[in-house]
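To start, the structure under review is shown below, and the notes come after it.
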């Protein structure tokens with residue numbers, strides 16, 4: 001089957017990009033590709049044949065129909081207007097046309113210098129490409145909206161960061177790479193007609209049902225806000241901290257995008273800061289809902305030329321509604337509740353307080369809770385708490401709440417185990433795969449990708465255990 005590519009972004013939004021070709025790496029070679037995703041997209045296996053060189057995965061060739069561009073956008077970074085940004089090392093190669101008429105961006109990260117590289121070198125490093133590939137695939141299999149990773153290429157090109165590292169490329173796929181920052185760019189350039197063109201593009205291709213509706217812009221922004229709310233709720237329930245929620249890292253489609261200094265909670269710490277460059281804690285775990293609203297307010301500002309203020313405020317209210325509703329639903333599922341009762345939040349917050357005091361492992365606590373038998377006062381989870389009396393008191397109230405519903409243990413446990421993962425991408429697991437890959441051993445990279453495809457399956461090995469002490473102290477930065 002021949003892959004078909006279109007160039008809607010290039011054809012319809014000429015002010016938003018610079019056309020250019022990728023700059024290949026030295027002795028580039030394919031070290032991993034997403035076989036499952038490739039099969040779903042009917043990508044010929046021959047394209048992954050290492051004897052053909054790095055090919056499209058290393059920017060050495062293009063597939064028929066590809067028209068590469070680097071996109072321009074701006075944004076607020078750490079709450080401060082940063083001006084023009086853009087694809088400083090990534091190139092949108094083309095948009096794959098799928099059988100249902102939708103498209104999928106093929107975006108090559110680490111593809112070389114662009115007009116938007118600023119002081120950078122246009123490169124990505126092996127460390128960061130591995131982290132992003134693992135994180136985006138982990139999030140996908142957790143059921144959280146995200147970009148996808150298709151391939152990783154390594155090379156003999158040295159790249160200087162804090163130390164000298166290995167140049168690499170990642171093929172990232174997404175329904176769209178449209179960001180809040182695209183709209184900010186033209187708003188601050190005082191070109192509202194181009195802001196409106198971006199909105200028209202989004203509606204035409206992603207919400208075509210609203211094209212001929214008079215209030216299409218208001219409906220569209222409401223949906224952007226609601227999707228953002230649901231996304232943040234998913235992050236909070238699974239214990240994911242993005243690390244760098246700048247407006248240029250926010251997706252119009254409500255996707256998790258731009259994996260940099262992210263982290264999944266190990267010990268439950270609501271103030272967890274994943275990014276060691278975030279000295280003020282702006283992007284700490286428990287501040288993500290507020291930051292997302294702030295970012296939506298910045299996007300709303302760009303839409304004032306063609307959406308009424310009242311409509312924008314209603315949309316921002318939709319964010320709060322979507323966030324709280326989805327978060328509440330998901331947390332009740334994690335606790336095994338099938339109905340909503342007025343004291344559920346009290347019970348949840350009491351558990352969080354216990355976990356915070358004890359430094360309980362976030363993922364393991366909820367996974368172990370999902371094995372609870374409501375008639376049994378004993379639980380393996382009890383042994384993980386130092387203050388057994390406090391846990392016992394909470395656990396008695398929890399079991400009493402379970403008994404208010406006519407749901408047997410098997411059904412409830414089944415529901416809980418579908419939403420409480422046994423496996424998340426802990427930083428130490430990613431680092432172990434990176435360390436091996438930097439020594440030329442890709443086995444752990446491949447193994448970890450396979451493990452992350454089944455996050456809701458119990459395991460009795462390193463992948464499901466608490467991290468070693470050194471693994472809790474890993475510092476992650478934006479220096480990708």
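Any Cβ shown, glycine's included, is placed from N, Cα and C.
What Swiss-Prot records for 86, 88, 89, 109, 121, 122, 172, 179, 258 is ATP binding site, and it gives similarity to another entry as the kind of evidence. Counting only same-chain residues at least 6 apart in sequence, those with a Cβ under 8 Å from the Cβ of residue 121 (ATP binding site) are 89, 113, 159, 160.
If you look up Swiss-Prot, you'll see 248 marked as active site, proton acceptor. If you take the C-beta of residue 248 (active site, proton acceptor) and look for same-chain residues 6 or more apart in sequence within under 8 angstroms, you find 73, 74, 75, 76, 77, 82, 85, 179, 180, 181, 184.
The Cβ neighbour count for residue 249 (Mn(2+) binding site), using a 10 Å radius and every protein chain shown, is 21. Taken residue by residue with DSSP, residue 249 (Mn(2+) binding site) is part of a helix. The Mn(2+) binding site annotation in Swiss-Prot covers 249, 258 and rests on similarity to another entry.
In sequence order, 90, 105, 107, 108, 109, 132, 136, 147, 148, 149, 150 make up the list of same-chain residues 6 or more apart from residue 172 (ATP binding site) whose Cβ falls under 8 Å from its Cβ. Comment: ATP site residues 86, 88, 89, 109, 121, 122, 172, 179, 258; largest CA to CA distance 22 Å, whole number. In sequence order, 70, 71, 72, 73, 74, 114, 115, 116 make up the list of same-chain residues 6 or more apart from residue 86 (ATP binding site) whose Cβ falls under 8 Å from its Cβ. Sequence-distant neighbours of residue 258 (ATP binding site): residues of the same chain at least 6 apart with a C-beta under 8 Å from its C-beta are 244, 249.
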